[in-house]
Amino acid sequence: MTMGVEAWFMDSSDEDQRKPHRLNPNQPVSLDELQKLGVFYWKLNADIYETDPELEQIRKDQGYSYMDIITIHKDKLPNYEEKLKMFFEEHLHVDDEIRYILDGQAYFDVRDKEDRWIRISMRKGDLITLPAGIYHRFTLDETNYTKAMRLFVGEPVWKAYNRPADDFDIRQKYVASLQGS
């Protein structure tokens, strides 16, 4: 059985961000390694997201009271190219980032403890949480389409803080949380 999500260390090529950017040979990253960084993952049935008891339970357990849906495609998202550039800027948030892929595909890139990029391939049914304070970025893959649910604890805060943001309390708290792992 596969772990459900595929992740790997990225190459340093500045070729199109939508390409996989695997090292040669590929260096996969396990779900355990992602969890040590505070990244958590669930595989759900996206076809029933409106009535899914498993999603309801996760939302209840984690306190995800707010939800909306974003479709990232050139025909659906105003200022598509600018938004994609913005999502791909390395940044952090003061809240966890929770995303559930309802359709299509995309990548989340996160930094490991040694500051290396890890690319996480997201497909329909993948729900991921990135901890507050982790440096990350987001991009579509070469299909140029994804539809995602965005979840929040309380009111959504859309503010992203581009790197460098090392002096933020939340960044220092996040880095400190890695010391034990």
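Each Cβ is built from the backbone N, Cα and C atoms, and glycine gets one as well.
For reference, TrEMBL has these:
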type    : residues            : note
BINDING : H91, H93, E97, H136 : Fe(2+) binding site
BINDING : H91, H93, E97, H136 : Ni(2+) binding site
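This view paints the features noted in TrEMBL onto the structure.
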residue : record              : Cβ contacts under 8 Å, 6 or more apart
H91     : Fe(2+) binding site : Y135, H136, R137, A160, Y161, N162, R163, A165
H93     : Fe(2+) binding site : A132, G133, V157, K159, A160, Y161, I170
E97     : Fe(2+) binding site : T129, L130, H136
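For H136 (Fe(2+) binding site), the Cβ neighbour count at a 10 Å cut-off comes to 23, with all displayed protein chains included. Each of L92, L130, I134, Y135, R137, A160 belongs to the same chain as H91, H93, E97, H136, is absent from that list, and has a C-beta within 8 angstroms of the C-beta centroid marking the Ni(2+) site.
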